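Enquirer: Quick paste from TrEMBL:
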- 98-377: domain 'ABC transmembrane type-1' (DOMAIN)
- 134-157: transmembrane segment (TRANSMEM)
- 208-227: transmembrane segment (TRANSMEM)
- 233-254: transmembrane segment (TRANSMEM)
- 316-569: domain 'ABC transporter' (DOMAIN)
- 318-338: transmembrane segment (TRANSMEM)
- 350-373: transmembrane segment (TRANSMEM)
- 590-599: compositional bias 'Low complexity' (COMPBIAS)
- 590-609: region 'Disordered' (REGION)
- 636-659: transmembrane segment (TRANSMEM)
- 648-937: domain 'ABC transmembrane type-1' (DOMAIN)
- 665-683: transmembrane segment (TRANSMEM)
- 695-722: transmembrane segment (TRANSMEM)
- 778-810: transmembrane segment (TRANSMEM)
- 880-902: transmembrane segment (TRANSMEM)
- 908-929: transmembrane segment (TRANSMEM)
- 975-1206: domain 'ABC transporter' (DOMAIN)
Amino acid sequence: MLPVSAEVKTSPVQKANFCSRLFVWWLNPLFKIGHKRKLEPDDMYSVLPEDRSQHLGEELQGYWDQELKRAQKDAQEPSLMKAVIKCYWKSYLIWGMFTFLEEGTRVVQPIFLGKMISYVEKYHLSDSATLHEAYGYAAGLSACVLVWAVLHHLCFYHMQRVGMRVRVAVCHMIYRKALRLSSPAMGKTTTGQIVNLLSNDVNRFDQVTMFLHYLWVGPLQAVAVTALLWMEIGISCLAGMAVLIITLLLQSCFGKLFSSLRSKTAALTDERIRTMSEVITGIRTIKMNAWEKSFIDLITRLRSKEISKILKSSYLRGMNLASFFTVSKIMIFVTFITNELLDNRITASQVFVVVTLFEALRFSSTLFFPMAVKKVSDAIISLRRIKNFLSLDEIPQLNTQLPSDGEMIVDMQDFTAFWDEESELPTLKGLSFTVRPGELLTVVGPVGAGKDLQNLKERDLTVTGDGGTPLSEGQKARVSLARAVYQDADIYLLDDPLSAVDARVSRHLFELCVRQALKEKITILVTHQLQYLKDASQILILKDDKTVERGTYSEFLKSGVDIFSLFEKRNKQPGSSPVLGTPTLISESLVRSPSSPRPSLKDAVPEDQDTENIQVTLPLEDYLEGKVGFKTYKNYFTAGAGWPLITFLILVNIAAQVAYVLQDWWLALWANLQINLYSGALVKEDVDVMLFLNWCLRVYSGLTVSTVLFGITRSLLIFYIFVNSSQTLHNKILESILRAPVSFFNSNPIGRILNRFSKDVGHMDDLLPLIFQDFIQAFLLVIGVIGVMVAVIPWIAIPVIPLGIAFFFLQRYFSETSRDIKHLECATRSPVFSHLASSLQGVWTIRTYKAEQSFQELFDAHQDLHSEAWFLLLTTSRWLAVYLDVICAIFVTVVAFVSLILADALTLGQVGLVLSLALTLMGMFQWCIRQRTEVENLMISVERVTGYLDLEKEAPWEYKDRAPPPWTNEGRILFHTVNFRHTLDGPLVLKNLTAVIESTKKVGIVGRTGAGKSSIFSAVFRLSEPEGSLWLDGCQTRDAGLHNLRKKMSIILQEPVLFTGTMRKNLDPFNEHTDKELWNALEEVQLKETIEGLPGKMDTALAETGSNLSVGQRQLVCLARVILKTNQILIIDKATSNVDPRTDELIKKAIHEKFSQCTVVTITHRLSTIIDSDKIMVLDSGTRKEYSPPHDLLQNSKSLFYKMVQQLGGAEATALTERAKQAHTKKK
């Protein structure tokens, strides 16, 4: 993650003078740095105070709050659009006025051009007064062009900045909302949807503000142009304007289609990103179950649906761009044909005034107006989606008041809570207890009994990797507990923090943290560790969602209450209420007390315990220096089509441009003919003249039709190829990522990976084809225009050559800095998504610690860092565009004056053609260069995506050149001097492990936290390649394909992984079993009755990651899933850590019955779980210390296992020893 630092350079724009701001001179020092070396994050300037995320977000939030109140008062739906308009309309409207003025200068230019051509028409050497007047018109034309160049970029820069502000403000609001969502509301959205809102939807604001003003400027300019055309050629102009109106109506219809397609596309994108998010989060489960192919198929199907909508929108975009390319030519053609049919005479000056007036509409009416329609349609859909998210319910903001006398108690009397507001059955009923300072209340009960008051996710918010990677669950639990203790609160709610650690550490944490550090605090401990009940001040036992017993340990002993028997439920059903969700009433768990002493934990590590040295290094997202290579372009093109189609596309592009240029040339020829007809030199009634005129019109018609056909074909073909490329590359990186080893996911945060699938793929879907097509059209247009100008007046080559050289070096100088800034923009974007994803995973922890404000500030800091790069991206683009257009303005000035000087040597057609083309070049040249730069910037997204094609890969899933190993299906595992490390350069976590796990045997693996227990199954499943020999059923595991190997075994992990969707989908993700088999599996784990009580039974939808089920219930679902697989080997990795002893017994019973003839390896901290195993392996620091039957180990008082049992306390140690003895006797 890039650092978020306050030590940044102040932006020089704050002290820049008027000229420096106008011509962007203040950026020159940055370009000098970029020319010398690669830009680093420290080179960026700090974001301007008025552009800071916090300021912008709070400002817009204020308007949104007002809108919510107004809507509530008027009983209407709130409108986010109204809030945005109220916030930004003043500044945005000012720049609309400047846009109107800028486009006004374009309308004036044809008038000056007409006057200059009139001078050439009436040219006489002796008329010096007329010459001076003509020079005046040339000067006026030059001034208009220069003013347009400056105003255009000034307006665009400020309008883009408004878009940036809206985006940043809305992102702030989305993140703020995400931290406040109520439990039912969290079930209505997903991480994928929120990431999509933040990656794709908010981008519409950057785009819509650039073009929005053209919705009214375009039509007004069209009215002004119509008036001028009427003055020039009369009623004939209406034919051309009719073409424009028809085109605009068609584009408006396209806008409605865009809106519909955008809505459908966004929903599909949400689903794809949500699925991708779940895949990345549950990657270990997916790999160990060999589900990669199935998930690739699932996401590929979702992508195909998404692409089908994207392709339709792309074709509409293609038609819009084709209309930009051709509509001005159609308008000119229709106007002159109409004029000819009406038998009107026309002068050369009128011909070229008409041409330039129609060309003046090219950008505003045929490019920017339809683009505005599309962008507004997109923005409205995005605003609606964001509004729906912002309108979701929030948790109530409770402000707890401390008692005036400073005394703090927790008092609950007849307390009832529901899973959600619509539920009829309460989750907690009639709960009553009182806890005072210095008291410890322990809450126990079966899975689903209603203990989890706070639903804390202990794995979240560590400062290591994503979700605590690569800490073990025990290490994460200790970090979480330490974090709670150091909060120095008065009230502590501890949700079973001791289950994820071994017995020794569990006892150590209980004694030093719970009993010592928190001895003066109010502590409520929810636990399944019954050995600690005797130390509690009070014990609260929950069953069937209500209190069944309350008292002290001694009271229970005196009254003869069997605590274990209270865990039994009717019909032995461990499920909870049939209504799923998370409690809507959240208690105040942490109330700070300024006067309470900070607990001291400096002696918390006993002398004989090794301090674990865990170092986590998350690499910064690096990027390539220099320009995007040819290989990236080649990969991009060839991913969408073969070389024959690409060659055809090139030929179509050339043909379209040749037809376009020949139209202009032919127009000059026709203009000369019109001059002769107008002057009377030729008579229209003459047969030869008539034939020649008809021939000219036929050729002109043919060229116009060719331009239209080739233009449309080119557009549709480019979009077809590029959308195909996007789909192909997406599918390739999907497979590449799922083929990557687990270590890749440990070192890359989920936000960084999702960034490729959301933002970068979004660019390839949406922006890149559009910008690339626009660049190709503009580039060929510029080449064609310059070619015609030089052909008409060869002297123009003299200024064109230095102009071309200047453009080349200027663009090259600019690209050196621009590329680095774009890379920085991409790199600073990823932390925003990573922070969002980790915040959503740990949202309950954030709320518990009242850390919303600090997390919001961190999000704002990430946004500000991204805004620094984005602001530079905007301003550097303007820097280039201003200079290019100023140079172009100088070129137009030279052409204008040279045309007057050489007037006697040129025909009217030549002068008119050169001047009109020079004006066409104005704006088109910088647009071409700008789009070319934008293409290269967007190609960085392709480069980032294709960079994931070369990831390190696991071994093949299957070997195609050889048959799978001849498994004997015995379930025998043999380790011979096995060494194992999680990464190639990481430390050894298993050292010279030698052991045999015989067929059908039940083996337990124990050891302190971090001893390497879970690494054993990582080695068996080859999550990283082990060294030494590891045999499975007589075959070396390294000889098998990974899927052949992993499908031979089943595993239940400590963290149960469920996916968004129905219960049926989670049990049988790929429809491999019948309903009867599914119900039988649920019955085996005693969930059948619970699931039958749900509204949709097995078709009931689960929330994201199954968060509306308790951890124990999720674990039972995973057990049912394993039962369906019927494999010979079962590995259980601390799967019962988070469940109560009776559910532990239930799981053990199900395993004993269903897997009696299978090899079962159980990794656990709960010694009672494996005390009756055939053998127990004790690990310490990755080394096998002991491996014998439990009874034998307990006979040796020096054994590590004996010491572990004794640490549980006398009573439980005796009970376990007796159980081990009974099991040993039975096996004899």
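Cβ atoms here come from the backbone N, Cα and C positions, even for glycine.
Where the annotation comes from TrEMBL, it is an automatic prediction and has not been curated.
Here the structure is a predicted model, which means the values were calculated and not measured.
Are these features on the surface or tucked inside, and what touches them?
Expert: Beyond the ends of the transmembrane segment (134-157), by six or more residues, the same chain brings 22-23, 95, 98-99, 101-102, 105-106, 108-109, 112-113, 115-116, 119, 210, 874-875, 878, 881-882, 885-886, 888-889, 892-893, 896-897, 900, 919, 922-923 to within a C-beta distance below 8 angstroms of the stretch.
Beyond the ends of the transmembrane segment (233-254), by six or more residues, the same chain brings 222, 226, 316, 319-320, 323, 327, 330-332, 334-339, 342, 344, 346, 350, 354, 358, 361, 365-366, 369-370, 373-374 to within a C-beta distance below 8 angstroms of the stretch.
Summarised as a single figure, the pLDDT of the domain 'ABC transporter' (316-569) averages 71.
Sequence-distant neighbours of the transmembrane segment (636-659) (same chain, 6+ residues past either end, Cβ-Cβ under 8 Å): 325, 703, 706-707, 710-711, 713-714, 717-718, 720-726, 728-729, 732, 776, 780-781, 783-784, 939, 942, 946.
With a cut-off of 8 Å between Cβ atoms, the residues of this chain six or more beyond the transmembrane segment (695-722) that come close are 311, 314-315, 317-319, 321-322, 325-326, 329-330, 333, 336-337, 340, 636-637, 640-641, 645-646, 648-649, 652-653, 655-656, 659-660, 662-663, 666-667, 669-670, 673, 764, 768-769, 772-773, 776-777.
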Enquirer: Excluding the flanking five residues on each side, which residues at least 6 beyond the ends of the transmembrane segment (908-929) place their CB within less than 8 Å of a CB in that stretch?
Expert: 109-110, 113, 116-117, 120-121, 145, 148-149, 152, 348-349, 351-352, 355-356, 359, 362-363, 664-665, 667-669, 671-672, 675, 774-775, 778-779, 781-782, 785-786, 788-789, 792-793, 796, 807, 811, 880-881, 884-885, 888-889, 891-892, 895-896, 899
Enquirer: The transmembrane segment (880-902): which same-chain residues, six or more beyond its ends, come within Cβ distance under 8 Å?
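Expert: Result: 23-24, 116, 119-120, 131, 134-135, 138, 141-142, 145-146, 148-150, 152-153, 156, 789, 793, 795-796, 799-800, 803, 806-807, 810-811, 814, 818, 911, 914-915, 918-919, 921-923, 925-926, 929-930, 933.
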Enquirer: Under a Cβ pair cut-off of under 8 Å, which of the recorded stretches 318-338, 350-373, 778-810 contacts the transmembrane segment (208-227) most often?
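Expert: Against the transmembrane segment (208-227), the leading stretch is 350-373.
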Enquirer: Within the same chain, where does the transmembrane segment (778-810) have neighbours whose Cβ lies under 8 angstroms from its own Cβ atoms, ignoring anything closer than 6 residues to its ends? I mean 6 or more beyond.
Expert: 325, 653-654, 656-658, 660-661, 664-665, 668, 880, 883-884, 887, 891, 894-895, 898-899, 902, 906, 910, 913-914, 917-918, 920-921, 924-925, 927-929, 931-932
